[in-house]
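The next block holds one structure in the form of structure tokens; read it before the comments.
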Amino acid sequence: MPKSKKQVSKLLKEFHTTGSKGLAWLVDPDKFKNASSFEKEYAWVKASALDLIFVGGSQLSRDNFREVVISLKKIAGEIPVVIFPGSQMQLAEEADAILFLSLISGRNPEYLIGQQVLAAPLVKKMKLEALPTAYMLVNEGEITSVQYVSQTLPLPNSKPSLAKATALAGLYLGMKFFYLDAGSGANSPVSGKVIESVRSATNQPIIVGGGLDSLEKVKTAYEQGADLLVIGNAIEKNPSFLAEVLAYKRLLNLSLNVN
Ligand SMILES: CC(C)=CCC/C(C)=C/CC/C(C)=C/CC/C(C)=C/COP(=O)(O)OP(=O)(O)O
Ligand SMILES: O=P(O)(O)OC[C@@H](O)CO
Ligand SMILES: [Mg+2]
């Protein structure tokens, strides 16, 4: 299956430099039911304004990762399919790119460098575009899957200076993309102050996800400086939310005069 024509790194940098807003739909392989019904239900996606499809999970209990990626490539058309890996097991050569994450909000060596060393030779062999990504969990209170699985403490929303210092360290280590994640299904998304401070400190593409379950939260995250938003759970609960956010994003980009 062909890799996408446009490099994903280029696309993310364009969002940042032009001010155009992007959307990624996160598909959880554990919740994937049947390939043919999925491909029928989402046949409209390739002609939509969706920018990226992410695939992955904190801890997968099924052995269907590659099958899901192949189905996603079928519905994606020119939209790149990007692996958002919870571990080095989540790889498939049919994907276009991988968020090569290091969980820099935590202090667990396994998620800072361990999983990456195991994955790197396979990423090269599969010719996946590797996106050097500083992955930062930002949440207080609830324990999300990523937090539990990685056994790390998230950054607090109330301390943007800590998020800024962490992001700067990532920048000086050479990371090119910054993913601020409140965690899947989070009650409160990443705060505007944290998004703003990471954006101004790094001047690099900012990806934001976790708990974006209403147009209001989507609007706020875009306004506060996210270049790309990631939505998973809210679409699982209500598949029409994907089309709603896409329509909103289209209008927003028109009003920003960037499309
Ligand atoms: C192979 C490479 C480069 C890295 C993998 C290892 C690292 C650093 C992972 C980061 C920590 C982690 C466990 C991330 C998982 C992110 C993810 C895909 C979350 C999706 O949502 P879930 O947390 O599974 O949500 P649900 O509980 O709602 O299913
Ligand atoms: O499932 P949701 O809450 O949309 O979160 C998406 C993603 O950022 C989680 O890692
Ligand atoms: Mg999951």
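Glycine is no exception: its Cβ is also placed from the backbone N, Cα and C atoms.
What TrEMBL says about a protein is an automatic prediction, not a curated fact.
Feature annotation from TrEMBL assigns Mg(2+) binding site to Asp28, Ser58. Summarising the annotation, TrEMBL assigns sn-glycerol 1-phosphate binding site to Tyr179, Leu180, Asp181, Ala182, Gly183, Ser184, Gly185, Gly210, Gly211, Gly232, Asn233.
Structural mapping of features recorded in TrEMBL.
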residue	record	DSSP (3 states)
Asp28	Mg(2+) binding site	coil
Ser58	Mg(2+) binding site	coil
Tyr179	sn-glycerol 1-phosphate binding site	strand
Gly185	sn-glycerol 1-phosphate binding site	coil
Gly211	sn-glycerol 1-phosphate binding site	coil
Asn233	sn-glycerol 1-phosphate binding site	helix
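By the rule that a residue counts when its Cβ sits under 6 Å from some atom of ligand 1, the binding-site residues Asp28, Ser58, Asp181, Gly185, Gly211 yield Asp28, Ser58, Gly185.
Counting only same-chain residues six or more apart in sequence, the Cβ atoms lying under 8 angstroms from the Cβ of Ser58 (Mg(2+) binding site) belong to Gly86, Ser145, Val146, Tyr148, Val149, Ser150, Ser184. Residues near Gly185 (sn-glycerol 1-phosphate binding site) in space but far in sequence (CB under 8 A, at least 6 apart, same chain), listed by position: Thr144, Gly210, Gly211, Asn233. Cβ packing within 10 Å was compared across the binding-site residues Asp28, Asp181, and the lowest neighbour count falls to Asp28. Asn233 (sn-glycerol 1-phosphate binding site) counts 19 other C-beta atoms within 10 Å of its own C-beta, drawing on all protein chains shown. Taking all protein chains in view, 23 other C-beta atoms sit within 10 angstroms of the C-beta of Gly183 (sn-glycerol 1-phosphate binding site). Of all Cα pairs drawn from Tyr179, Leu180, Asp181, Ala182, Gly183, Ser184, Gly185, Gly210, Gly211, Gly232, Asn233, which the record names as binding sn-glycerol 1-phosphate, the longest spans 17 Å.
Spatial neighbours are here defined as Cα atoms within 10 angstroms of one another, and by that definition Asp28 (Mg(2+) binding site) has no neighbours among the binding-site residues Tyr179, Asp181, Gly183. Less than 6 Å separates the Cβ from ligand 2 in the case of none of the binding-site residues Asp28, Ser58, Tyr179. Over all protein chains present, the Cβ of Gly211 (sn-glycerol 1-phosphate binding site) has 24 other Cβ atoms lying within 10 Å.
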